[in-house]
Amino acid sequence: MKSVKDFLNKHNLTLKGATIIVGVSGGPDSMALLHALHTLCGRSANVIAAHVDHRFRGAESEEDMRFVQAYCKAEQLVCETAQINVTAYAQEKGLNKQAAARDCRYQFFEEIMSKHQADYLALAHHGDDQVETMLMKLAKGTLGTGLAGMQPVRRFGTGRIIRPFLTITKEEILHYCHENGLSYRTDESNAKDDYTRNRFRKTVLPFLKQESPDVHKRFQKVSEALTEDEQFLQSLTKDEMNKVITSQSNTSVEINSSQLLALPMPLQRRGVQLILNYLYENVPSSFSAHHIQQFLDWAENGGPSGVLDFPKGLKVVKSYQTCLFTFEQWQCKNVPFEYQISGAADETAVLPNGYLIEARHYADSPEEHGNAVFITSEKKVRFPLTIRTRKAGDRIKLKGMNGSKKVKDIFIDKKLPLQERDNWPIVTDASGEIIWIPGLKKSIFEDLVIPNSDRIVLQYRQHEKCRGQAKS
């Protein structure tokens, strides 16, 4: 009880007149928290229990719910419950069961907070949980706020989440239950080695407690220091990213990569994390600091243009000083690129739209190639060739036609989607003459009667594993 009072005083929290939702599983931690808050507040606050049956353990799960309901009835407490098919939710969302259970719980808690216009959601995470969480994050390579573990107080729903037990241990909670004659339910799955947290709890935590009995307090101090440092760095990062971000929508963010890479590394990492937090509804559990560093290395050293795949369908499209983070299917807004075909050897240019252009010397031309193949020679056009995006005023001298035609009009005639036009490849020779619009139109500079010994065959085709970088 003293620990709860100390927690409330430290964080300047007043429970008098408040509505407090308590997440109650029926286990010793949540039963102790419900009892402590009810005893502390009496009738000066409205304490409400909220229980979720995840339906993982059949009849046992339902018995947990009945146990919580019976306790609340005896204590004259309101009890809100929900039975959720978490397994089905996990399959639908592509999540593991633990992540799915957490999603379902917090969605339910938010609904109950809204229903009662609650001020607080009290959760029974304790000091041992905090140590486990921070170690698991560290082992995964998490940086920034995530490494600080669970926050003692944070905004949520109509109010705030509070975790009054973060400075006490599981052993102290069990002692409180025994001292106050509290019954509780036991979840046998907490003893299984199937879950990462359980393995940390059974192997790592006992060693740390043996070395330092107050390890939970030390970790909590580290957590608070990391949080304070992170808040300062986040503030700096937001100021700098306002200069780095050039445009954004609900599904995409475009940045100037040169300006990002000019920032100190701690701000670079946090800048990318801010973008991810903005774009992802929930950052995938598979995401780690490795992905952020991978992006930064690629942005600096990966060539002028390309595409990087992130989890859950997020792509980063790079073109010179621009990087576009997007969930859109190639609806890339004005992402220019430019590659060269020297003509000296067989070459391949891989394009950001998922296609490539191959240049092959002395090759036989396909029997039916249409506009996806262009045949020429160094006698017919001047090398090097350039593959680029369109420019204002572009015109092409079409095969079988007098004069020239605007590239813009060709795109309109072909009903090319507006979002694809700025990224459609155009091939020019060394003088800047447009010789080919791959897949759409050819110029007068194609020659089908060139001998094999002189011919260069250009082919435009789809490439599934696009990474958008020219190579020879």
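Placed from the backbone N, Cα and C atoms, the Cβ positions cover glycine too.
Listed in Swiss-Prot for this protein:
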- Ser25, Gly26, Gly27, Pro28, Asp29, Ser30: ATP binding site (BINDING)
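Its own atom aside, the Cβ of Pro28 (ATP binding site) has 21 Cβ atoms within 10 angstroms in the protein chains shown. Other C-beta atoms found within 10 angstroms of the C-beta of Asp29 (ATP binding site) number 24, with every protein chain shown included. Just so you know, of the binding-site residues Gly26, Gly27, the Cβ with the fewest other Cβ atoms around it within 10 Å is the one at Gly27. Summary of the ATP site environment: with the site residues Ser25, Gly26, Gly27, Pro28, Asp29, Ser30 set aside, the chain residues having Cβ atoms within 8 Å of the Cβ mean position are Val24, Met31, Ala32, Ala124, Tyr184, Arg185. Other Cβ atoms within 10 Å of the Cβ of Ser25 (ATP binding site) number 21 in total over all chains. Its Cβ placed at the centre, Ser30 (ATP binding site) has 25 other Cβ atoms within 10 Å.
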